[in-house]
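Quick look at what TrEMBL lists:
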type	residues	note
SITE	Arg16	site 'Transition state stabilizer'
SITE	Lys23	site 'Transition state stabilizer'
SITE	Arg154	site 'Positions MEP for the nucleophilic attack'
SITE	Lys208	site 'Positions MEP for the nucleophilic attack'
Amino acid sequence: MARCIALVPAAGHGSRFGSATPKQYLDINGQPLLAHTLAVLAANPDIDQVAVVISPGDEWFDSFDWPQPKLTVLRVGGASRAESVANGLAALAPAADDWVLVHDAARCCLSPQALARLIAEIGDDAVGGILAQPVADTVKQGDAAARISATVPRDGLWLAQTPQMFRAGLLACALADAANPAITDEASAIELLGHAPRLVVGEAQNFKVTWPGDLALAAAILAARN
Ligand code: C5P
């Protein structure tokens with residue numbers, strides 16, 4: 001029977017965050033950000049294994065306790081997110097028809113409901129799919145001087161989130177050229193093979209902690225949930 005593996009790239013340095021400690025290790029409500037991310041994945045009964053990809057030179061991971069029994073740690077992070085995912089996949093060597101759910105370490109507010117919805121709606125889809133949010137705001141294109149050059153119709157526009165759920169064999173094939181700058185998420189790699197991944201409605205709270213102000217918002221969301 002096909003297994004379901006969550007693969008969490010956590011080998012970034014969070015340069016936009018501007019902190020000496022990578023953002024995945026910053027404290028949120030008494031735990032590192034990454035612990036919240038791993039906990040929601042591990043709690044899903046359909047997920048058999050949670051693999052986290054950290055940098056080979058990571059100096060922070062071992063200073064925390066990681067109590068999840070489903071957890072596998074892979075010290076194979078690469079130069080880009082796509083390379084970290086490709087390296088993690090190669091190290092895990094799953095069966096070709098196993099499902100892999102790639103989820104950003106920095107999306108620590110993913111709700112159990114959105115995760116379950118993704119797994120249920122993708123089901124046995126031939127391609128796989130992702131959580132995403134239809135764009136709600138008016139979209140502007142800006143020029144180099146930060147002046148509006150165009151208003152972009154938002155019909156049919158979605159913001160990609162994670163998890164992104166694909167069969168391991170198809171994903172490994174799609175990420176064979178992980179250094180391709182056109183690959184900004186797993187879905188874009190699958191699209192380059194000519195496939196059309198499904199869009200499953202995500203949620204605003206599943207945002208990626210990117211800027212310093214995001215930490216307080218994530219803390220408030222997680223505190224309200226608990
Ligand atoms: O930098 P950004 O927030 O877009 O990264 C998204 C996710 O990819 C984060 O969880 C980050 O740790 C991870 N990443 C990685 N290896 C890299 C760069 C980013 O695992 N070289």
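Heads up, the Cβ atoms here are built off N, Cα and C, so glycines get one too.
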Quiz item: Here are some recorded sites: Arg16, Lys23, Arg154, Lys208. Which one has the most Cβ atoms within 10 Å of its Cβ?
Solution: Lys23
Quiz item: Between Lys208 (site 'Positions MEP for the nucleophilic attack') and Lys23 (site 'Transition state stabilizer'), what is the CA-CA distance rounded to a whole number of Å?
Solution: 11
Quiz item: In whole Å, how far is Arg154 (site 'Positions MEP for the nucleophilic attack') from Arg16 (site 'Transition state stabilizer') when you measure between their Cα atoms?
Solution: 27
Quiz item: How many Å separate the Cα atoms of Lys23 (site 'Transition state stabilizer') and Arg154 (site 'Positions MEP for the nucleophilic attack')?
Solution: 31
Self-check item: Secondary structure at Lys23 (site 'Transition state stabilizer'), reduced by DSSP to three states
Solution: helix
Quiz item: DSSP three-state call for Arg16 (site 'Transition state stabilizer'): helix, strand or coil?
Solution: coil
Quiz item: What does DSSP say about Arg154 (site 'Positions MEP for the nucleophilic attack'): helix, strand or coil?
Solution: coil
